[in-house]
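The next block holds one structure in the form of structure tokens; read it before the comments.
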Amino acid sequence: MDESSAQDAAAAAAAAFDFKLYRYTPSLPAAIVSVAVFAVLTALHTWRIFRARSFYFTAFTVGGLFQTIGYCGRIWSHFDTLSIGGFVIQAILILVAPALYAASIYMILGRLIRTVKAEHLSLIPVDWVTRIFVTGDVVAFTLQAGGGGVQAAGTLDLYEAGEKIIIAGLFVQIVVFGFFVVTSLLFHIRLSRTPTATALEGGTPWRRYLYVLYATSAIILIRSVFRVVEYLQGNKGYLISHEIFLYIFDTLLMAIVMAIFLVWYVQELEPKKRAQSMDGRETSGSSDYVLDERRKSVPLNV
């Protein structure tokens, strides 16, 4: 083989293994704004959790913390685009944070079903609603985090293997979310047709909460589809090569999810929240029981 042929072969090999952590320099202003936004949203959610004692929403707040630290990683990467540390921090934490949002979203449905005393209207036995969806979410989270860890090993082969694992995790997340939306819709339809006494009382804005679940689920699904397409295109793909898409289809959408739950909080679904009786006294019984007792106390006109 002559020298020119050897050079051509070397150039072809280099092109085949054209891998870069970033194909741009991460924007410093965008990363700083993202850190500030997610830090504020996370702090507000943390305050709300302790104020309302809604600790089942802790995973959601941890997701916000992951976002904050992840965008700190992008600040690091702005100053050193070749740093494995900054790249891994932002790649993994920003990737898996929505799975933590999803865990809290799944818990809301089970609590809502119990709150309106409509267990018989659920497609899935209510005791299994949270278990099934959170288990699926844990699988998705583990695959995505594990894939990110494999990518961090530092070789091209492992990076590509990690991509495949992450894509599998994203597909699991999409399937689980899709089934969750179907389950929520069927429950919504059934409860609208045959509302329980508790639902009719109007103490719990169950329709509003379901609309919140639909909106946030749709937003996370859009983000997950974006991530699947991004990873399917590979390291040289158009989406991953242009930073703007990350901020439109991930950063912005996840900030909206956090803002929605900050405005429309779900503390009325807390199991320890007690119904108020007519004279202002608290009762630990269900609102259906309170309603029945009031009916019994009304004298009959004979």
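Yeah, the Cβs are placed from backbone N, Cα and C, and that goes for glycine too.
Quick look at what TrEMBL lists:
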TRANSMEM  28-47  transmembrane segment
TRANSMEM  54-76  transmembrane segment
TRANSMEM  82-109  transmembrane segment
TRANSMEM  121-145  transmembrane segment
TRANSMEM  165-189  transmembrane segment
TRANSMEM  209-229  transmembrane segment
TRANSMEM  244-266  transmembrane segment
REGION    276-302  region 'Disordered'
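At the 8 Å Cβ threshold, with sequence separation of at least 6, the transmembrane segment (54-76) lacks contact with the transmembrane segment (121-145), having fewer than 3 such pairs.
Long-range neighbours of the transmembrane segment (165-189) within the same chain, counting only residues 6 or more positions beyond its ends whose Cβ lies under 8 Å from a Cβ of the stretch, are 95, 98-99, 102, 105-106, 109, 113, 118, 121-124, 129, 133, 136-137, 139-144, 146-148, 150-151, 207, 210, 213-214, 217-218, 220-221, 224-225, 227-228, 231-232.
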